[in-house]
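Below is one structure, written out as structure tokens; comments come after it.
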């Protein structure tokens, strides 16, 4: 019973309004678990309420009784959480791994010995780790299925799947016509649209006006039956949607009752054992359906076709065999879907269609996210072999020695290349006229949904898009990597190859330089908005120059100078839209038809332009000019940063060779600083000499403050943090007790930079406390408004003090105090330490009857406790 109900039941008088508000606040705090007020950001505080008969000094028997109770509670919680950890981190992954191995062994004896294998302790840790990966995959597959179902329900199923429900309506046509309810001229009328088509599929209802593609007609199963009445079609489609809906109210209630604590068993109950059983069952089901069956289908097919040796030579026999099984399964589903259409089994036909969509989307995701970046990564490696003085034989040997690592690294490189290429395309869209890049998908378009495209568009169109993407990306690599390398080797024979040795004779550690590069140099370059603005300005300048040279300014950027031409073009576009998405002629916007096909609607954001004479020739010249510009830009990027970095690093390391990644990063950083300084000076020059002097003084003071802060936050704190990590974690694991560890301050500082960034990120993601508040304040102030006094007093001094105490106190205890006590009685020292820890966390809970919320008095200057009975009773 709530506190307010207790007071109300104990007294016949109604609760006062302030007391009722306090009770409501206390109950809200108990359920919401908020620590701060959402309005004034004041932290809620409670004071303990003790029983009136509590003595001034606790009796000895109460202390021992409290200790026994606390120890018993701790033991009970320890057993429960140990059981929870054993169930979720031991039973679930171990069961998944053992069942996975049993199914893929391929023998009946493994099924018979499965119960004994579950209890085996052989290779326990490796099986648990592998089982965690299997459980993660099955959970991801389950979440993906649920999410794909939501996409089909809310985004609309494909048109060919929705047309499946029109068969019963057509079959019932003659009786309806006989009864006077039919549509007499139904054969000569177009098929009516569904009563309430989905929002995303609204444009698809008008698709019959577009000429059909033969390959798409094959996927539509060649349906040529007669069309039924509009009401029957609407009822069929609504019934199809009802079949895929559930009772949302019951699921919401179940979600409210089930919390993470209750599901995982952290609430102290044993209900989680049932959840463990269901998770194990779900893992087994998903392994059987999504791994076992496709793998064996592919295995039998590969063996039957005689490709077993080729698949085994790829070092990825299981993955390739499973993909082949999924492809054959998709083909089988298409054939069964067609057979179900012939015999008019509507439910089976729809079920087979949904299964085909699931397999189709899964294969397309594998191709888009896995295969395409892998192809780009390998092509980048092949085209850059001469830059590193390598050959295909070296890559083959590295693949044979570590196939998994090699494929992952190439996939990662390809993924980075695809990401930055897409980012550059987004930057181009900000500069160019909408409609110029009609052949590329707009990732910023709110209507763009790749999953909906995977669901609705046929396979041949995805294949065509994949081939086009491979050609475009491969051509860019040839133009900006292979050809510049050939030119550099011809003009500067001694400049290449780049030095990519993992270890060198330099006095600087490779690991330290790598961490410094990844944590300091590259984030400083990538997180600056000036670099993007400079690149955007260069693109705009190039576009303006090319537009005026080739008379393509209207096509590239758009203008409003020639109103007559713009008006005529706008009229043509309006007439084009009035023709209901008919394919336009060349010159009126081929991109409009392409966007209409891809997005199942009209063109989005298209602006008219003036088309000059000899337009195709000018476009060819524009492409040639673009290729020459990209070639020159690639030559500058491959030579200037590396040459600058080599020259600067030679002052530090002498003639020793350094990894070119570091020289390139150093040169790139210096070039960026030089360009930034030049742009700042050019911005200050029109303001006069006095303003320039004031700006120089201001920036000099800011630079001095920044250097002091950098020494403290990027120098002292990372060094102390890395040294603490070395002493607490690394040294006890690597150095025996009878040996003295050696410390390397440079490596400790580099590791400390990494740890400091991780701790700062975790702090910013965690709950609100003083360190998070200070870091957010420092970040909000920035470099220009840097507050040196605030940073030293609130951030640097407390953190350095904690780190120094963490380094000094254990050393003083271990060297000065422990030797004096160990010689007498080590057991008494250990027992005393345990008792001190228990007494430190022990509270007199016997006399504690509740807690009282502290009232915040703004005018009083300090909080004062309330005198209401708005307390949380224990």
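Yeah, the Cβs are placed from backbone N, Cα and C, and that goes for glycine too.
Remember, TrEMBL labels are computer predictions, not curated facts.
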Stretch carrying transmembrane segment according to TrEMBL (options 408-428, 429-449, 534-554): 408-428
Stated TrEMBL location of transmembrane segment, expressed as one of 30-53, 54-77, 78-101, 150-173: 78-101
Other parts of the chain folded back onto the transmembrane segment (466-488), taken as Cβ under 8 Å at six or more residues beyond its ends: 367, 372, 375-376, 379-380, 383-384, 386-387, 417-418, 421, 439, 495-496, 627, 630-631, 633-635, 638-639
Within-chain partners of the transmembrane segment (408-428) [C-beta distance under 8 Å, separation at least 6 from its ends]: 370, 372-378, 380-381, 437, 440, 443-444, 473, 476-477, 532, 535-536, 539
Positions whose Cβ lies under 8 angstroms from the transmembrane segment (78-101), at least six residues beyond its ends: 110, 114, 117-118, 124, 127-132, 134-135, 138, 264-266, 268, 272-273, 276, 279-280, 283-284, 287, 291
Contact set, same chain, for the transmembrane segment (276-298): CB under 8 Å, 6 or more residues outside the stretch: 87-88, 91-92, 95-96, 99-100, 103-104, 134-135, 138, 141-142, 318, 320-329
Taken over the domain 'E3 ubiquitin-protein ligase MARCHF6-like C-terminal' (691-834), the model's mean pLDDT: 82
